[in-house]
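Asker: Under the heading region 'Disordered', TrEMBL lists 11-33, 399-465. According to TrEMBL, the compositional bias 'Low complexity' annotation covers 17-31, 413-423, 443-462. Positions annotated as domain 'Potassium channel inwardly rectifying transmembrane' by TrEMBL: 74-220. Residues or ranges marked as transmembrane segment in TrEMBL: 109-132, 152-171, 192-215. Per TrEMBL, the feature domain 'Inward rectifier potassium channel C-terminal' maps to 227-398. Residues or ranges marked as compositional bias 'Acidic residues' by TrEMBL: 427-436.
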């Protein structure tokens, strides 16, 4: 990959004169409605560089046309742009899960339900108390509270004049206010039973509504308001591979525990049978197999998707990015440190929000005065331009494989020549050893040769002398062979 710009730069000046004649033609073509068709199958580095220059000019002047895209599936703030319709028995299904329904609805409706639940319970039990008083005769003119002493009448509930008095008694009973003027008597057992039922009902309504309000206040969905995604995604080279980059950040000091990231590509797909899948979801690998999707989320992180042969973006070029219709949905999940609840933040990128040939600026610095790392969130969305080829990752891999083939052949030829030189030196050394061993005479033992103390000097026969001489000949030959191979080993190490 690094040799491609060098080859192109070396021969660019010689091809500049030829390209100037085609500049006017390219400009007129770009001004028309039809887009220039550029052959990305060209593997010649010089021709590919010329196509790259033309595509760069087109990419800069026609980016605005790529904004005519379909609507998002996931909004930038994470809301799903999906509305179900024609659902059978929809209201009944929502009422069966009333708690989740009340948690999901807007606050104005939750507060309305909160108030109506208490008011309706007060009115309902006020009606019950009025019926009890009416059936017992407490509402008769001569049984009213101001006439009860004269008529010696004991009502079911003291100080009940009308329905208004029953409503006030209902509120006092349900919330255990007890002002003291109204209370039940032992005259009516049904009044005692209704008082117990209303007290239990009031506690249940309070617990239910407080639980709904608390669930809405402590929803992990609100935690996503402090989780940030970069405004744009970037496509550039990293470690010689085409990669898609996007940035995530958390502005709170309380961190997200077990944070991990996912990414999916939503686009149309046609099966082998001709079936059209308009919103097929492709998984974009962000390092799941090697654990790179799980991040230590203490400062903004740049998430990387390597565009290889397993990526659905393997055939995507800069020219295709202007025409393709797809959406990349990114998801950040983790556990809230303060509450222990799981939260999920979402965002998405359309093709016109993916910058080809850009990288994110670093935003983490060390403050020597404070002795801590500082994060400048004003640089969170800042990018800078880098040299990036405008062809797809597949064409880039094919071009690099062809560029690496001559280098490998040269290395193989150099290594084979070295092996041949080493082999020739070894053969020459073996020939010299054979010649030296062939002229070594068979000599008897000399006084200079050390004798073993275990073999005394005794007269030997011809056969014994021959064997001894033969052994000494072999030893001397081995010694000569060792001395002869030492220069060869030195030459071999030098090579």
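Quick reminder: no glycine exception, Cβ is built from N, Cα and C everywhere.
Would you situate these features in the structure and describe their surroundings?
Answerer: If one looks beyond the transmembrane segment (109-132) by at least 6 residues along the same chain, the residues whose Cβ comes under 8 Å of a Cβ in the stretch are 102-103, 139, 156-157, 160, 163, 166-167, 169-171, 173-174, 188, 190-191, 194, 198, 201-202, 205, 208-209, 212-213, 216.
Within its own chain, the transmembrane segment (192-215) is flanked in space by residues 99, 102-103, 110, 113-114, 117-118, 121, 125, 128-129, 132, 170, 173-176, 184, 186, which lie at least six positions past its ends and keep a Cβ under 8 Å from the stretch.
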Asker: Using a Cβ cut-off under 8 Å, which residues of the same chain at least 6 positions beyond either end of the transmembrane segment (152-171) come close to it?
Answerer: 122-123, 125-127, 129-130, 132-133, 136, 138-139, 142-145, 177, 181-185, 187-188, 190-191, 198
Asker: Averaged over the whole of the domain 'Inward rectifier potassium channel C-terminal' (227-398), what is the pLDDT?
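Answerer: Here the mean pLDDT over the domain 'Inward rectifier potassium channel C-terminal' (227-398) amounts to 91.
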